[in-house]
Amino acid sequence: MNRKMLQVYFICGTSDCPKGKFLDVLEKALQAGITCFQFREKGEQGLTGADKLLLAKQVQHLCHRYQVPLIINDDVELARAIDADGIHLGQEDLSVVEARQLFPGKIIGLSVGTKEEYLNSPIDLVDYIGSGPVFPTLSKDDASPAIGMDGLKQLRKLNSDIPMVAIGGLSAKDCKEVLQAGADGIAVISAISHAEDPYKATKILVDGMQAMILKFNQVESNKQILKNP
């Protein structure tokens with residue numbers, strides 16, 4: 001998996017957007033340059049059954065048009081039905097071992113918020129981890145306590161190689177700190193889905209992240225030049 005996929009990672013479902021606006025919000029985000037999309041259709045108002053499948057196919061069509069990977073949150077049957085690019089699992093969802101057996105060659109992401117969760121997870125079987133919540137968030141009813149940037153740094157110290165995306169109460173202003181903490185990108189829900197102008201909000205995120213990555217790469221390049229003149 002190319003870790004660039006995690007730079008601006010949008011997570012959304014119909015309950016995260018104004019009624020009837022979900023596909024419009026998604027397309028605006030795709031047009032503005034998100035690097036990955038996770039379809040997370042949950043909650044009492046979320047679609048189920050045939051309606052959810054139909055929407056997932058529409059989502060997949062849009063993601064394919066913009067050449068952006070589509071990850072399905074937790075729903076194994078849906079991910080298999082549409083042959084999604086991957087699946088994202090929480091700590092209480094299907095085991096990673098089973099998921100890898102069901103989805104050979106697909107992208108598997110895992111939510112990891114603490115050292116204990118990291119140590120108890122088969123990290124070698126996942127392609128990336130979603131770490132957080134960094135800050136308190138209203139987007140998930142069952143969100144764990146916030147870990148802060150320090151928590152993000154601690155998770156990165158446990159494994160310097162695993163691709164990691166930060167999530168939880170984040171916005172464009174956090175791009176620099178997220179990268180400094182060791183994450184490869186930023187995952188958002190409401191920063192885009194609740195924005196008055198989803199395209200503009202996404203563009204600010206994308207441009208901010210790209211500018212920071214460019215700056216970080218330049219700093220690393222200068223270090224190498226000084227080390228090997």
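Including glycine, each Cβ sits where the backbone N, Cα and C put it.
Straight from Swiss-Prot, the features:
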BINDING   GLN38, PHE39, ARG40, GLU41, LYS42, ASN73, SER111, LYS140  4-amino-2-methyl-5-(diphosphooxymethyl)pyrimidine binding site
BINDING   ASP74, ASP93  Mg(2+) binding site
Neighbour count (Cβ, 10 Å) for ASN73 (4-amino-2-methyl-5-(diphosphooxymethyl)pyrimidine binding site): 21
Rounded Cα separation (Å) that holds between SER111 (4-amino-2-methyl-5-(diphosphooxymethyl)pyrimidine binding site) and ASP93 (Mg(2+) binding site): 10
Most Cβ neighbours inside 10 Å, all chains, among the binding-site residues GLN38, SER111: GLN38
Inter-residue C-alpha distance, LYS42 (4-amino-2-methyl-5-(diphosphooxymethyl)pyrimidine binding site) and ASP93 (Mg(2+) binding site) (nearest angstrom): 14
Which of ARG40, LYS42, the listed binding-site residues, has fewest other Cβ atoms within 10 Å: LYS42
